[in-house]
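Listed features, source TrEMBL:
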TRANSMEM  B:9-34  transmembrane segment
DOMAIN    B:103-334  domain 'ABC transmembrane type-1'
TRANSMEM  B:109-131  transmembrane segment
TRANSMEM  B:143-167  transmembrane segment
TRANSMEM  B:203-226  transmembrane segment
TRANSMEM  B:265-291  transmembrane segment
TRANSMEM  B:311-334  transmembrane segment
Amino acid sequence: MSVTPDLVVDPKRAVRAARWAEFKVFTRRFMRNPLGVVGLVIVVLLLFCAAFAPLLATHDPYLPSLTDRLAAPSATYWLGADELGRDIYSRILYGSQLTLLIVGLVIVTSAPIGLIIGAVSGTVGGWVDVVFMRITDVFLAIPKLLLALAFVAALGPGITNAALAITLTAWPPYARLARAEALIVRNSDYVNAVRLAGASEFRIIVFHVIPMCLSSVIVRMTFDMAGIILTAAGLGFIGLGAQPPLPEWGAMISTGRKFIFDQWWVATVPGIAIFTVSLGFNLLGDALRDLLDPHLRQRK
Amino acid sequence: MSASKPLRLFIDIGSWLITVAITLVGLAALTFFIGRVLPIDPVLSIVGEKATPEVYQKVYLELGLDKPIWQQFIEYLGKLLRGDFGTSFSTSRPVLTDLLNFFPATLELSTIGLIIGVVLGVPMGVASAYWHEKWPDHLLRVVGLVGYSVPVFWLGLVGLFVFYYLLGWVSGPGQLDVFFVGVVDRITGSILIDSAIAGEWEIFFNAISHMILPALLLGYYSLAYISRMTRSVMLDQLSREYVLTARLKGASEFRAVAGHALRNAAIPLVTVIALSYGGLLEGSVLIETIFSWPGIGNYIYSSLFAADMNAVLGGTLLVGMVFILLNMLSDVLYRALDPRSREFAK
């Protein structure tokens, strides 16, 4: 005789159910984009390689073996050996950790910096906005790789400095993005309501403006990963990124450069790794943008 | 509406110049920050750790490090305005002289790269907009994605391996074969123009065979961007009613697309092309190091290893300046070309 339990629904459960339904719709739409799925697979594979590098590797990535210098790909050295006889396959695996480390460092620093500057700039307005946006424009107007290069040249080479330098060039787009969103949100009814209720500007920015910027920032982040990987590899190639004997992919190409004509695998294999990973992030970013970007969604 | 036209124009130009000036000062502030503030001891980074106290003291005073930081910056700006970029420690010439020496080669390479990018990229973009969601569009998507994902320095190496070493279709690194170097008098600094002026056609074609691979790579680099932008602009234009009108009036497909839609798309495309030119200047840094191309990129690269900060920062400053001016120029071009923004300019 009890019909009521079905009608009185626990609100928390309802929210959870709604989230779950939304997630299912999202997954179904994502699965319809085969290229996006390929991208996701590549990215998951990268995470897998990085996490289980010690298990998957067949050799010690740092242990030289002078008798096997520049050995061609074979049953022992699946992708050949480098100029010190180190196994390239194992070095690529360990290199994925470094790639993730740099990308992670850059993303966790540049996105929040850009987000805060943009949100403050858009919400507060006035001269704060003018000054912040001028600074952003200056950074946007300078070629990224060159700025990063000069920055590392001054700080000294190394993985953290390279990440710092890339951060320095990577935050401005986030600031622009967050500002644009903040300008829309700033005068919306719900923000005015919160303001009338006595919330401080700080509270408004942190709890009401920044969350609204997040989805476009996440899409942008996925796209940026590919760019960050390429810039980091470029710095590594020039010799300003990770230092030997670290198996950073860009640096590996740089050492393989001397043997490109006779032992082509030394430089070619790390390049394929960089290419695959940044292609993966690009494909994933493309798919996520189609799904999440509110502007594109409206048009359809 | 209220102000007279010439006055309006005057104000526009004025505010534009102020924007350019502020951005350039910002750029100088950045290089100043990197060169003077960032190193723990700027003197040590110049003289090295084994310098005697006298040398150290001399450089310390020369750099003006005893003065307050804002005064140092003003002096730095003043020097830049007078064209004084400091002296390169590796070549012991003024940095500006070096840069002007190397710049033509970079300009030559990136200009040819840009021409390749435009000639191939624009038709590709138009085709993929016209056959939207058909195979040319998918093909372009792949070409573009590969262009965005591939490390350009690696592609250069692989290109050298395949086309120079395996196939022998192109010449190797460098601008010319060794025995041609220095034969032609330097007039413009562009090897193609100089050898053509001298009538040395053998050298001219040798230069082309050296240039074709790096130029194609740079062209590909810009093609990915140009074709993608062309596609999105053309998609927008092709759906407009004036294209339909043209078709209804019996215009051929070619005329409707190339004569009507592309003409209207051309205005934003000018901006895109100007921007990608700036991108090419940057892309040439890595390409030049691979191909031993005697340009700015190679200069910066070799200065890095000589710990020659003046040269590195001078190169950054020059490329940054060109980049900013190109940005601003594309802005002006857009306004000058688009009749709407000319009339309704606020």
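Don't overthink the numbers, they just go from 1 along the chain as shown.
Quick reminder: no glycine exception, Cβ is built from N, Cα and C everywhere.
These numbers come from a predicted model, not from an experiment.
When Cβ distances are compared across the two stretches, the transmembrane segment (B:311-334) makes contact with the transmembrane segment (B:9-34), since 3 or more pairs at least 6 residues apart fall below 8 angstroms. The list of residues near the transmembrane segment (B:143-167) in space but at least 6 beyond its ends in sequence, with Cβ under 8 angstroms from a Cβ of it, reads 124, 173, 213-214, 216-217, 220-221, 223-225, 227-228, 283, 286-287, 289-291.
Tertiary proximity for the transmembrane segment (B:109-131) is limited to same-chain residues at least six positions away from its ends with a CB under 8 Å from its CB atoms, namely 137, 139-141, 143, 211, 214-235, 238, 257-258, 262, 269, 273, 276-277, 280-281, 283-284, 287-288, 293, 295.
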